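The annotation signal peptide is assigned in Swiss-Prot to 1-33 on the grounds of sequence analysis. Taken from Swiss-Prot, the feature N-linked glycosylation site applies to N67, N121, N190, N204, N255, N264, N320, N325, N341, N361, N404, supported by sequence analysis. Under the heading repeat 'LRR 1', Swiss-Prot lists 90-113. Marked as repeat 'LRR 2' by Swiss-Prot: 116-137. Marked as domain 'Ig-like C2-type 1' by Swiss-Prot: 196-285. If you look up Swiss-Prot, you'll see 421-441 marked as transmembrane segment. Residues or ranges marked as site 'Interaction with SHC1' by Swiss-Prot on the basis of similarity to another entry: Y499. Residues annotated as domain 'Protein kinase' in Swiss-Prot, with sequence analysis given as evidence: 513-784. What Swiss-Prot lists as ATP binding site is L519, G520, E521, G522, A523, F524, G525, K526, V527, K547. The feature active site, proton acceptor is assigned by Swiss-Prot to D653, with sequence analysis given as support.
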Amino acid sequence: MLRGQRLGQLGWHRPAAGLGSLMTSLMLACASAASCREVCCPVGPSGLRCTRAGSLDTLRGLRGAGNLTELYVENQQHLQRLEFEDLQGLGELRSLTIVKSGLRFVAPDAFRFTPRLSHLNLSSNALESLSWKTVQGLSLQDLTLSGNPLHCSCALFWLQRWEQEGLCGVHTQTLHDSGPGDQFLPLGHNTSCGVPTVKIQMPNDSVEVGDDVFLQCQVEGLALQQADWILTELEGAATVKKFGDLPSLGLILVNVTSDLNKKNVTCWAENDVGRAEVSVQVSVSFPASVHLGLAVEQHHWCIPFSVDGQPAPSLRWLFNGSVLNETSFIFTQFLESALTNETMRHGCLRLNQPTHVNNGNYTLLAANPYGQAAASVMAAFMDNPFEFNPEDPIPVSFSPVDGNSTSRDPVEKKDETPFGVSVAVGLAVSAALFLSALLLVLNKCGQRSKFGINRPAVLAPEDGLAMSLHFMTLGGSSLSPTEGKGSGLQGHIMENPQYFSDTCVHHIKRQDIILKWELGEGAFGKVFLAECYNLLNDQDKMLVAVKALKEASENARQDFQREAELLTMLQHQHIVRFFGVCTEGGPLLMVFEYMRHGDLNRFLRSHGPDAKLLAGGEDVAPGPLGLGQLLAVASQVAAGMVYLASLHFVHRDLATRNCLVGQGLVVKIGDFGMSRDIYSTDYYRVGGRTMLPIRWMPPESILYRKFSTESDVWSFGVVLWEIFTYGKQPWYQLSNTEAIECITQGRELERPRACPPDVYAIMRGCWQREPQQRLSMKDVHARLQALAQAPPSYLDVLG
């Protein structure tokens, strides 16, 4: 209330609408005055200043001024108490100043309705004490209490701590004791002050579902005021019964459930000094449970699962009924949960680049001392690309993909000559060979091999097989110009034990292999078409390509073993499949998938616009491949390269001659090591025996022998050019020396006439001079897939 005058007499006329327009009324009351002479005058848009001496004994007259943010009160000797009702409705108040007044008491809940208060100045009043509860919950930046006759007691111990810790500017003030001599308030003077000590006792160490749990809260301390339990997390987890009072409070949890696990049971107590609380968690044991979800493709494939149980269950995976041994490629990963108050754990069985061999039934077993559970799910990551009978006639009948193409689909003759088959198929499997180069050279571990051979640390350059494989490395590498003379491949390829530590090469009995005829010959030996029995469970026999090692030296056997280990690991629908080896007797044999239509370069030429000219009178395909079919071919090669890049393999000899074509226009990366003999003009001999495919190499590989996944991207751009020229040789009009000059000077191959601009843009993205600026194989594959699914309308207006 205002002393001596009512609100109306001071110009505080409340509008009929209520208290919400108090500030508006205050501002209007003084708007026309040169200087305000009322008890309280507005300051700025949302402030109020009350300085007329002795005019206020309470602040309740301000209730309802909802937009008030700053209140300044001075020289009000009759204002002695501040209760929580006084500031009701002032929810926006941020600064409160009451100075040089008669304030003696501030209620512990005085600021309940002003949660945004950040500046509090109560200096030069008659305060002897101030409860810690008064400022609890406020985000104070400044608290000023100087000039008050504070009485040193435990009730101000919190203020002493604030002064010691430098909080809210308290340490910058001079606080006085109300005792004689006007002494300073000493820091830590009363060492007997302290917050209550709270302990919770729980005699039940082992609790199961349905049990009753007894807890007791013991409280110690001076001037105890209140104590109680906080049980907000226990709703539905148990029936609660409370009993007792200070200093000992009891709690019974009746018929507990598993939901009680990891829920906090809290006991708190207060005194003049402050508040203390302690929490415990009751562990309720219950059997394991498990749930499995369907496999989801993420960065790695994920088979999601959820497991529950207390104690936390142990986990074990089965694959098709057998124990699944986890590796760096197949592993369990738990997901971090934002919820910390539950026992259920969520996670994934991660599979890095799974293939059809990983298709099957996955079972998760969970067990703890109170029970076990299991759940199973079928997962199919990739279709099996080998489900066909290789002895059946294989017509090249393509479904037209390009809706705008008018060309007829090519059809293959059933009666192919053995030599035609040999060349077509022969080049099919050595993807394996070039893939291994990296391994041949590098094993310095000297361990006993699975073939009974001691591995040397370095391969000699004379080894024919080493030379046939030296175009495949792990990661990036660089070769010296003298490679192929005396240095061999020493030091250029390091073995990654991650890939080969547990490689299991399949051994095939020699009696199950029946050679039919020779397909071709490379530096390593000969390649044969053969029948193989008992190779697959669902077939008695099947056609395969067999590579025979002609040299039986220790080094050659070493290379043979290393290559077999590498090829066993590579499993992808667009990498030629390796079935295993035969080491009984001699010669050593490798067994590969049979690709009937041979290498991609020859296939493109025989299905291109110049097919009749190249055939020399023989029957040819009825028409060139359409745009949709060319895009499908390119997309498949890109898919294989994405797989190799994911394993950090560098191909180093990617070209259409080293890709193979099978039934239904299925294209795979692979050759039998014969391409350097059949396509000798594609290679440039350096030094003694080193042959480099310079027309497919980027500048850094030509100049510095630096090979990386980025150099493979460049080579793929050239492969794309080959596909859309129907197998032409890059820079066919130039010699090797002239081609090197064009590449190193930054010239690019011209856009083929059958190539849409979108595809040529991909080629150019692969041919950026700086390796880091080239497209990634993933990006290339994604773009080609999108184009293959919806081929662009393209008309060769120049043709």
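The backbone N, Cα and C atoms fix where each Cβ goes, and this holds for glycine too.
Positions of the features from Swiss-Prot, shown on the structure.
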residue	record	Cβ contacts under 8 Å, 6 or more apart
N121	N-linked glycosylation site	L96, T97, I98, V99, D142, T144
N204	N-linked glycosylation site	D211, V213, F214, V282
N320	N-linked glycosylation site	G360, N361
N325	N-linked glycosylation site	none
G525	ATP binding site	K547, A548, L549, K550, E551, P587
Report summary line: Near the repeat 'LRR 2' (116-137) in space but 6 or more residues beyond its ends, with Cβ under 8 Å, are 80, 91-110, 143-151, 153, 155-156, 158-159, 178, 270, 272-275
Query - Rounded distance in angstrom between the Cα atoms of N264 (N-linked glycosylation site) and N255 (N-linked glycosylation site) - result: 17
Report task. Kindly report the helix/strand/coil residue split of the repeat 'LRR 2' (116-137) according to DSSP, in that order. Result -> 4 helix, 3 strand, 15 coil
Report summary line: DSSP puts the residues of the domain 'Ig-like C2-type 1' (196-285) at 6 helix, 53 strand, 31 coil
Query raised in the report: So what's the mean pLDDT when you look at the repeat 'LRR 1' (90-113)?
Result: 90
**Report entry** Rounded to the nearest Å - Cα separation of D653 (active site, proton acceptor) and E521 (ATP binding site)
**Finding:** 19
Query - Cα distance (Å, whole number) from N67 (N-linked glycosylation site) to N255 (N-linked glycosylation site) - result: 52
Report task. Write out how many residues of the repeat 'LRR 1' (90-113) are helix, how many strand and how many coil, based on DSSP. Result -> 0 helix, 7 strand, 17 coil
Report summary line: Around the Cβ of L519 (ATP binding site), other Cβ atoms found within 10 Å total 27
Query raised in the report: For the recorded positions listed here (E521, D653), which one has the lowest count of neighbouring CB atoms within 10 Å of its own CB?
Result: E521
**Report entry** N67 (N-linked glycosylation site) versus E521 (ATP binding site) - Cα distance in angstrom
**Finding:** 93
Query - Residue among the glycosylation sites N255, N264, N361 whose Cβ has the most other Cβ atoms within 10 Å - result: N264
Requested in this report: Rank the recorded positions N67, V527 by the number of other Cβ atoms within 10 Å of each Cβ and report the first-ranked residue.
Outcome: V527
